[in-house]
Amino acid sequence: MTDSTSPPPGLPPHSRGEERKPTHVVAGVIVDARGRVLLARRTEGSELAGLWEFPGGKVEPGETPEAALARELDEELGIEVDVGAPVMVVPHLTPRRRLRLDVRRIQAWRGTPKGYEGQALAWVQPDKLARYDMPAPDLPVVAALLQPDHCLVTPPPGGDDGEWLASLEAALARGVRRVQFRMPGIDRARRHHLLSNAALSCDAAGVQLLVNGDAGLACEFGLGLHLPAAQLRKQRQRPVPADALLSASCHDADELRLAQALGCDFAIVGPVHPTPTHPDHGGIGWARFEALREQASLPIYAIGGLGPDDIAEARSHGAQGIAAIRGLWGR
Ligand SMILES: Nc1nc2c([nH]c(=O)n2[C@@H]2O[C@H](COP(=O)(O)OP(=O)(O)OP(=O)(O)O)[C@@H](O)[C@H]2O)c(=O)[nH]1
Ligand SMILES: [Mg+2]
C-alpha cells in the first residue's frame, strides 16, 4: 500500500509525521465465549505485512468511529457488530505517519468471522497475546487488556507504622493490584521493616510490588524495581532479573527510549496536573503527555493530580491508566 501523503523518508523530522494531522484508525477487540481475542494477520503487500493486529481500518471522511469500525469488520470479516466501550486511544508516531489507534470492545456480533481479504485469523488466549508480533502501537493496547489500570505509589508513614500498614491493606482491599513502595527520607531500618510487612500483605493479595530507587532492597526481597529518572539515566543493563518487574519515571522522549531499551515493563510520566509532591511544576497537561506517548511503545501510567475517576480520560490519551499517591491512598 502506498502512502501518497508522506514525503520521502530521510527528510528532517519537522517535515515528516510530526506536523501532519493524524490518521484515525479504529480497531476492535473481539472476544469469544472462551475468552479468546481475535487477531488478524496483515497480508503480503500491505504496510507491516505479516504482523498481527486487531481487525479494523481507517476512518473515512465524514464517518463516525463507530460506523467506520462496523464497516471495516463487515468488509474484512463478514460480521455485523455492536461497538462497545472504548479500550484506549494510542497516539503513535512512525517515520511515515502520525496515527491515532482508537480501540473499542465489540459488545456483540452476528455471523462467523472469516478472512475476506485473504488474511489469516487467530483466536488467542489473552495470556498468549505477547507471542504474536504486533505493530508498535498495539503493545500498549495489549498491556491495557492485561495489566492493572492504576498503580499506587505509597506516601511516607507519619509517626505510626501500624497506621500506614492498615492504609496499605485498605488500598489492596479496594482493588489496587500494583504498588510502588516509595519512602524518601526514611532511615534504612524503618524502610526495611515497612517493606517486609508490605511485601507480606502484597504477596497474600497477589499484588505486584516494586521498590522505588533501591535495587539492593528489591533483590533482597525478590521484588520489582522502580527507577527514578536520575537512576534510569545511569543504568547500563537491566538491574533486576527478567522475571522481576522494572519501571521508570520518565520526563522526556530520551528517557522513554532509555526505559524501553533497558526492558522496562512500564513507565510513569507526569506530573500531568500540578500536585503537592511537585509544587514548583505546573503540570505537563494531556497534550504534552500524548506527544511523549506517541514516541514510545511501552505501557505508560500518567501521574500528577489524578485518581480513579481519571482512568477513562487517561486511556483516551494513550495511558495504561493512572499512578497516584493521594488519589489512591486512604480514600
Ligand atoms: N486495523 C489495524 N490497524 C493497525 C493496528 N495497529 C496499527 O499500527 N495499525 C495501522 O493502522 C493503519 C490501518 O490501516 P489498514 O490497512 O487496516 O486500513 P484499511 O483497513 O482502511 O485499509 P486500506 O487503507 O488499505 O484500504 C495501518 O497503518 C496499520 O499498520 C491494529 O491493531 N489494527
Ligand atoms: Mg484494515
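Every residue, even glycine, has its Cβ placed from backbone N, Cα and C.
Nobody curates TrEMBL annotations by hand; they come from automatic prediction.
The feature Mg(2+) binding site is assigned by TrEMBL to Gly56, Glu76. What TrEMBL lists as compositional bias 'Pro residues' is 1-12. Per TrEMBL, the feature domain 'Nudix hydrolase' maps to 22-147. Taken from TrEMBL, the feature region 'Disordered' applies to 1-22.
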C-beta crowding around Glu76 (Mg(2+) binding site), within 10 angstroms: 20
Mean per-residue pLDDT computed across the domain 'Nudix hydrolase' (22-147): 97
Helix, strand and coil residues within the domain 'Nudix hydrolase' (22-147) as assigned by DSSP: 30 helix, 49 strand, 47 coil
